[in-house]
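**Q** Residues or ranges marked as domain 'ABC transmembrane type-1' by TrEMBL: A:81-284, A:365-569. Residues annotated as transmembrane segment in TrEMBL: A:27-51, A:85-104, A:116-141, A:161-187, A:208-229, A:263-283, A:312-336, A:369-390, A:402-424, A:444-468, A:502-528, A:548-569.
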Amino acid sequence: MELAKKVNIAGRLSKKKRAVQGKNEQLQTILIIFVILSFMVSLILPLSALFGQALYDREGNFAGLNNFVKYFSTPTLVTSLQHTAYISVMTMFISVGLAFMYAYSLTRTRMIGKSIFRYAALLPLFAPTMMHGIGLMYLFGNQGLITSGFFGFSPGWEIKLYGPIGIIIAETVYTFPQAFLIIYIALQHTDYRLYEAANTLGSGRLKQFLNITLPSAKYGIITSMFVVFTLSFTDYGAPKIVGGQYNVLATDIYKQVVGQQNLSMGATVGVLLMLPALVAFFVDHVSQKKQSMYITSKAMGYKIPGNKGRDLLAFLYCLLITCFIMLLFVAVGVAASVKIWPYNLGFTLDHFKFSSFSGDGLTAYKNSLIAAGITAFVGTIFTFIFAYSIEKIRKKRFLRKLGYLLSIIPLSVPGLVIGISYVFFFSKSELEILGLSVSNPFHFLYGTIAIIVIANILHFYSVAFVTATTALRKLDKEFELASESMGVPFYKTMFTVTIPMCLPAILEIAMFYFVNSMVTISAVVFLYSADFKLAAISIVNMDDAGNISSAAAMSVLIVLTNIVVRLLYEWAVLGLRKRNAEWQK
Amino acid sequence: MKDPFLQISNISKTFNHFTALNDISFDIYKNEFVCLLGPSGCGKTTLLRIIAGLEEADHGSIKKNGEEMLHLPPVQREFGIVFQSYALFPNLTALQNVEYGLKNKKVSKAELKQRAMEALQMVDLEQIKDKYPAHLSGGQQQRVALARAIALSPKFLLLDEPLSALDAKVRKKLRYEIKCLQQKLGITTIMVTHDQEEALTMADKVVVMNNAQIMQVGTPEEIYFHPANPFVADFVGSINIWNHHVEGVTKAIRPEHIRLSKNQGMKSEIKAIEFRGATYRIELEVIDSASPLYSQKIEVDLFASSIQAFNLKRGSIIFVQFPENQVLTYKEQVVY
Ligand SMILES: Nc1ncnc2c1ncn2[C@@H]1O[C@H](COP(=O)(O)OP(=O)(O)O)[C@@H](O)[C@H]1O
Ligand SMILES: [Mg+2]
C-alpha cells in the first residue's frame, strides 16, 4: 500500500517534470535563435545593404567596383582619404605615446595622486568629441585664451587650429582615455616574477624595460594603436567643429549622403571607413591570444622600487596632462557661463536656456536623456540575455558559436557605418532579394526613437557583451547543470542566482550604454528625425549657426549628466557590495 | 540473480575524433555503491555525465529498471548529483540551497522546510543552516551539496570526485560519513574517483577504467587480490611487476605477500628501508644471477617485528620467497 502510493506520486511527478523540461529546452532554443535573428536584422542585413549599395550606381544599375574606381579618380575624395589617414596616423602616435607614459607613471612609479590622475585621464569619455573641439576653440581659436596671450597679459601663441592641427589635438584628447585604459591594464598585469628573475641575473633597468616591460605591454600597445587609429579615422564630431576646410572621410560621407543624396558614393566611403577596423579586428584577435602568455593565474603584481627623481618626473608629466584636460573642460564651462566671450566676461546662465537657438535645445537634451535611458535599459537586458544564452546554454553549440562571433563583430563597425547602413536598410519600404521585391517588415522603425536605440545598442554592444561574458564566466559553470538536474527551469536559476551575482557588471553595462549614448553622434546623425533631435546633434547645429556658447552649454550639460550617472553608479556598486558582503568572502 | 537497476551497455562517446568512452558496459544493482576508478582523463566524468543526461552518448543504451533512459532529460532520470566544485549557489544560505530543488516540486511551504531540514540533519549540519557557502569549510560545503542532492529523494546518487578538493584528514572522515549515509538511505550510488584507496574503502563494486575503456569490474577484494590485467594490478595498490622472459608472460606480486627468509629463496641485497608508520617498505635488489629477476628492484612491506627479527639494515643480504598462490600471471607483455 505504502509502496503503491510512492510509485503513484513518482509517476505523477515525472509527468509534470516532462512538461517543464520540454518547455525549458524549447525556450532555450527560441532564445538562441532569437539572438541570431536579432543580429540578422540589426547587423547583417543593414551591412549587406551597405555593401550592396556600394556595388550599384546612383541610377540603380549594377556597377561592380566602378564606384571605387570613381572614388579614386575624384581628386577631392582621394584628398579626403589622405587627410583622414594623416590625421589618424598622427593621432595614433601622439595619443598612444602620451597614454603609454601616463599609464607607465601610474603603474611603475610611487608618485602621489594616482587615483586623481586615473579619473582625470578618463574624463574625456564623458564628453562628446565636439566638446574637445569647442574647448580648443576657446583656448587656441582666433579669440582664444592662449592665442590672445590671456587677453594680452602675455605674448600670444597662435597655432593654426582650424585644420589638421585642431583635429589631431581633439582626436588625441578623445582617444587618450581609451589608449590609456588598454595599456594600463597590460602594464598592471605583467608578471613581477619576470623582473625578479632579471634582477637575479643582474640585468640593468634599461635592459629590463626593453626586454620585459615593452614586450609584455606590446600587445596592449598594438591594440591601442589600432583602436586609436580606428576611432580617429571614423570620428565625425571633432572634424566637424575644428576641421575648417580640411575634409575627412567622416564629413565626406555625411555630405555625400545627406547633402548630395549620392547614396552609392556614401556607401563606397562607408566601406572604406570599415577597413581599418576590420584589420584591427584580426590583429586584436591574434594579440589577445598571445597576451595570455604573459598573464598567468600565478602572476605577481609589480613591486615598485623607490626612486624620487623618477616619481617627481612622472608626477609633473601626469600633472601636465591632467591640467590640459582640465583646462579644456574649464574653458568650455566658462564659455558656457559668461555673457559674451571674450568681451563681457560677466556670469550668466542664459546660454543654458538655449533661447537663441530656435528653442529646441532643452528638448534635444530631454530627448537625449530619453534615448540614453532607453538604450541603457533595453541594451542591458538584451546584452545580458544574449551573453547568457551564448555562455550558459548547454546545447546548440554551433548557434552559440555563431552568436559569439556576431557579438564581437560590431566592435569593428564604426558608428557612421552603422548609421548609414541603417539608412540603406530601414528606409526602404521594399527589399530586393534575388530580383524579387518584398515589403520590408522593419521599415516602420525608420524615423522613430526605436531605430536610434537599436543603433546605439549595436554600436556599443560588443564591449558590453564582453563585460557580461566575463562576469558570467566567473560563475561556476555547474550552476546550470545542478539546477537542470534538480528540474529547476534555467530562467529561475538565472533570476535567483546568476543575475544577483552579476549585478555589479549589469550596472556597469547600463552606465556604459547611457554615457556613450549621451555623447555619440556618428551613428545617430543619419537617423534622427526632425521631431526627435538629440543633444549631441544640437551641439553641431548650434556650432554651425555660430552659436558657440550655446553649443558649449549643451556640452556642459552632457558632461554633468554623465558625471552624475557615473557617481550614481559608483554609489550603487558600493551599496551592493555592502549588501552582498555577507555572502562574499 | 535479481535484475539490475541500471544497465549500461556499449556506451561510446567521442569529442571531435578523440575517443572519451569506448564501448562501456556494466550493471548496477539496487542499493549498490559503485566507484568509477581510473587515472585522470580516462573518461569517468564523461560517463557520469552521460548517465546524468548532461552529455549525449554517441552509441549504446542505459536502462533503468529495464526501461531505456538515454532519451530522457536529466530531471526524469531521478538522480541527485554532487559536482566536483559542489556548485553551491553562493548567494543562498545552506538551507536555501537545499530547498532550491524542492521549491519546484509544488510542495507546501512547511513540508518544503521540513524536508530540507531533514536532509541537513542527515549530514549533521542543521546548526549552520543560515550560513552562506563562503563561510563554510570545504567539508561542510561538501555535505551541504550532498544534502541538496538527497533532499529530492532521488532514485540514485551521482558523485563526481566529491572528496578531491578536501585535505587528507577531512577526506577520511567524510569517506566514512558518505558511506554511512548511503547505507542508511539504501540509495544506489555511483561515485567517480581517481583515488584507489577511496574506491577500495567505500565501494561495493569498483569499475576500473583506463583510456576510455573498462579494465575490470569487481568487488574491492576481487580488484585487489585478483586484478584482471597488469594495468589494474599496477593502478590499485602497490605491486611488483616483471616480464618473465622464459615463460613469455608478465608476473606480479604485492609487496606484503613477499616472504623473507634467512637462507632460502632469491638472494637479495637491501637497498633502502622506508618507514611508513605501521609498516616498513623495503627495497631489495635481486643479486642471485640465476634468478629471472636478477638485478631487478623489488618492494616488500614488513611489520617492524620482522625488521627486528631479521636485523635488517641497508646493505644486509636476505633471501626472498614468492608464495606460489600469491603470484599473479598475465599473458600481456608489459614494458616497464
Ligand atoms: N566537452 C569536451 N570536449 C572535448 N573533450 C572533452 C570534453 N569533455 C571531456 N573531454 C576529454 O575527454 C577525456 C575524458 O575526460 P573526463 O571524462 O573529464 O576524464 P576524467 O573525469 O576521467 O578525468 C579527457 O581527455 C578530456 O580532455
Ligand atoms: Mg573528472
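Using the three backbone atoms N, Cα and C, a Cβ is placed for every residue, glycine included.
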**Q** Do any residues, 6 or more residues outside the transmembrane segment (A:444-468), come within under 8 Å Cβ-to-Cβ of it, and if so which ones?
**A** 42-43, 370-372, 374-375, 378-380, 382-384, 386-388, 407-411, 413, 415, 418-419, 422, 426-427, 502, 505-506, 508-509, 512-513, 516-517, 520, 522-524, 527-529, 532, 534
**Q** Who are the long-range neighbours of the transmembrane segment (A:402-424) in its own chain, taking Cβ under 8 Å and residues 6 or more past its ends?
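**A** Distant Cβ neighbours of the transmembrane segment (A:402-424) are 32, 35-36, 39, 43-44, 46-47, 49-50, 52-53, 230, 233-234, 236, 250, 253-254, 257, 263, 266-267, 270, 273-274, 277-278, 280-281, 386-387, 389-390, 451, 454-455, 458-459, 461-463, 465-466, 520-527.
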**Q** I need to check the long-range neighbours of the transmembrane segment (A:502-528): which residues 6 or more away from its ends have a CB within less than 8 Å of a CB in the stretch?
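**A** Residues 125-130, 234-237, 250, 254, 257-258, 368-369, 371-373, 375-377, 379-380, 383-384, 414-416, 418-420, 422-423, 451-452, 455-457, 459-460, 463-464, 467-468, 470-472, 475, 534-537, 539-540, 558, 561-562, 565-566, 569, 572-573, 576-577, 580 contact the transmembrane segment (A:502-528) from elsewhere in the chain.
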**Q** Residue list, the transmembrane segment (A:548-569) vs rest of chain: Cβ under 8 Å, 6 or more residues beyond ends.
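**A** Long-range Cβ neighbours of the transmembrane segment (A:548-569): 126-128, 130-131, 134, 137-138, 329, 332-333, 335-338, 340-341, 351-352, 354, 356-357, 361, 364-365, 368-369, 507-508, 510-511, 514-515, 518-519, 535-536, 538-540, 542.
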**Q** State the residues, same chain only, that lie 6 or more residues beyond the ends of the transmembrane segment (A:312-336) and have a CB under 8 A from a CB inside it; answer 'none' if no residue qualifies.
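**A** For the transmembrane segment (A:312-336), the sequence-distant neighbours (Cβ-Cβ under 8 Å, at least 6 residues beyond its ends) are 98, 101-102, 104-106, 109, 111-113, 116-117, 120-121, 123-124, 127, 131-132, 134-136, 138-139, 145, 173, 176, 351-352, 548-549, 552-553, 555-556, 559.
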**Q** Would you mind listing the long-range same-chain contacts of the transmembrane segment (A:369-390), meaning Cβ under 8 Å and 6+ residues beyond its ends?
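**A** The answer is 28, 31-32, 35, 38, 400, 403-404, 407, 449, 452-453, 456-457, 460-461, 464-465, 468-469, 472, 494, 498-499, 502, 506, 509-511, 513-515, 517-518, 524, 534, 561.
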